[in-house]
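Q: To start, I am sharing the structure in question, which I have written as structure tokens.
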Amino acid sequence: MTLLEICPSLRAGMSSPRLDSGVWPCDTHYDDLGRVTLGGVALSDVADQYGTPTYVLDESEVRRRCRAYRKHFPDAEIIYAAKALMIRSVAAWVAEEGLSVDVCSAGELTIALAAGVDPRRIVLHGSGKPFAELEAAVAAGVGRIVVDSLTEITLLAALATRPQQVLLRLSPDIDVHGHPAVRTGVTDQKFGFPLGSAQATEAVERILRQPMLHLVGLHCHLGSQIHDADFYGEAVRRMIAEMARIRREHGIRLPQLDLGGGHAVAYRGGDPEMSLPVLADIVEDALDAACSLHHFPRPRIAVEPGRAIVARAGVTLYRVMTVKHVQGGHTYVIVDGGMNDNPRVALYGARYDAVLVNRHPTGARMTATVAGRYCEAGDILAHDVILPADLRPGEVLAVPCTGAYHHSLASSYNGVGRPPIVAVTEGRSRPLIRRETPADLLARDLG
Ligand code: LLP
């Protein structure tokens with residue numbers, strides 16, 4: 001099924017070179033003035049009302065993505081990886097759509113609980129969980145804790161006064177060839193235990209010796225931006241073989257297999273992305289084959305998408321501050337945001353598009369580099385994008401596909417506070433997170 005079939009409204013956008021149906025939210029249109037609208041709201045009106053830079057979030061798109069996961073994985077548990085974007089509204093939306101929530105700190109746990117997420121549907125992750133965070137999680141009654149080290153087993157055993165379900169994180173030695181910063185399925189990295197290693201066996205034994213710790217399954221996370229579903233098929237085969245070995249050696253049958261997240265989204269038109277129907281088929285086939293090979297009863301599968309739920313629902317708005325044509329060099333469009341609200345370009349070499357949204361450009365176009373306002377030469381938002389040649393200061397640019405790992409990675413470098421998040425849906429906008437102000441910066445500064 002193509003995206004155009006899922007969201008026919010995109011057809012309008014297809015007629016213009018400005019919007020690529022692969023990266024914008026489904027409910028993106030033009031109004032009569034040629035302005036780009038999202039969720040029925042003109043983006044330039046959002047910029048006028050809330051200032052810039054501003055993260056805009058399309059609630060319907062978040063819900064649509066949750067439903068797509070539930071449709072394609074009807075028997076699986078879908079766990080939203082909150083690190084992609086954790087604010088109360090998003091936690092509430094995904095919970096309403098039937099998803100569980102994965103948190104990786106006491107802060108994310110607090111937000112999930114404040115949003116009303118049932119603690120039993122919360123999974124706690126982390127490679128170095130502080131004692132106080134484990135304590136908070138156990139006290140809150142979180143459903144499962146993913147054990148990442150031997151130390152953690154000792155701490156949890158000391159903390160749990162009632163049965164606590166745990167998953168054991170293993171690295172199945174699958175190299176998805178991603179950016180080194182986000183390649184987690186290989187053996188030599190900091191997360192979990194290498195599958196088949198003596199430490200993994202020791203971890204299983206230690207958990208089983210603790211009466212309050214109930215080992216309910218295995219977990220793995222292969223990495224980020226994975227578009228080839230075969231990697232997950234291979235993970236299923238290796239993890240089921242390990243579950244069969246644990247049954248043989250320890251006499252317990254684990255009922256859950258969590259395959260982590262990492263499903264790719266397209267940041268620019270033409271980028272490869274994970275196909276949910278293909279992923280579902282491959283996981284299903286691998287599960288059938290591996291379970292029958294090992295005569296192992298099918299565990300319940302869990303997947304942990306973060307980016308694939310929220311990335312496309314987000315668009316960031318910037319105002320053009322100035323346009324500089326460097327003689328013999330590039331044309332720089334300098335905007336009022338940058339690496340504080342989007343560090344992904346500097347961190348991972350991510351590539352984005354940028355589009356003028358306050359009018360429909362009809363004249364000549366230019367190739368430009370959209371650069372930020374911060375005091376670093378590497379503060380770039382988008383390389384080599386096509387923009388109108390008559391672009392002027394004060395106009396509004398939007399960068400699509402910024403819903404995941406933007407707000408959650410944002411900083412207040414150079415004393416510039418983090419942008420607000422404004423939700424748009426059914427023709428209305430409402431602020432979910434307010435802009436961080438100099439007063440907020442001063443409030444933490446004890447002098
Ligand atoms: N589960 C676990 C255990 C994870 O560590 C992660 C992401 C996920 C699920 C969700 O992965 P997703 O579906 O969102 O790819 N800051 C980087 C991404 C770091 C991801 C870390 N772990 C970025 O901006 O690309």
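From the backbone N, Cα and C atoms, a Cβ is placed for every residue, glycine too.
Take a look at what TrEMBL says about it:
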| type | residues | note |
| --- | --- | --- |
| ACT_SITE | Cys375 | active site, proton donor |
| BINDING | Gly262, Glu304, Pro305, Gly306, Arg307, Tyr405 | pyridoxal 5'-phosphate binding site |
| BINDING | Arg307, Arg344, Tyr348, Glu376, Tyr405 | substrate binding site |
| DOMAIN | 60-311 | domain 'Orn/DAP/Arg decarboxylase 2 N-terminal' |
| MOD_RES | Lys83 | N6-(pyridoxal phosphate)lysine |
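Help me picture these features in the structure, burial and contacts included.
A: Counted within 10 Å of its Cβ, the other Cβ atoms near Cys375 (active site, proton donor) come to 10, all protein chains included.
All protein chains included, Tyr405 (pyridoxal 5'-phosphate binding site) registers 24 other Cβ atoms within 10 Å of its own Cβ.
In the three-state DSSP reading, Arg344 (substrate binding site) counts as helix.
DSSP assigns Lys83 (N6-(pyridoxal phosphate)lysine) to a helical segment in the three-state reduction. For Lys83 (N6-(pyridoxal phosphate)lysine), other Cβ atoms within 10 Å of its Cβ number 21.
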Q: Quick one: of Gly262, Pro305, Gly306, which of the binding-site residues has the smallest count of other CB atoms within 10 A?
A: Gly306
Q: Using the structure shown, find which entry in Glu304, Glu376 (the binding-site residues) has the sparsest Cβ neighbourhood within 10 Å.
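A: Counting other Cβ atoms within 10 Å of each of the binding-site residues Glu304, Glu376 gives the minimum at Glu376.
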Q: Please report the distance from the Cα of Gly306 (pyridoxal 5'-phosphate binding site) to the Cα of Tyr348 (substrate binding site), rounded to the nearest angstrom.
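A: Just about 17 Å between their Cα atoms.
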Q: Give the sequence-ordered set of same-chain residues, not counting Gly262, Glu304, Pro305, Gly306, Arg307, Tyr405, with Cβ within 8 Å of the centre of the Cβ atoms defining the pyridoxal 5'-phosphate site.
A: Ala81, Lys83, Ala84, Ser224, Gly261, His263, Ala308, Ile309, Ala404
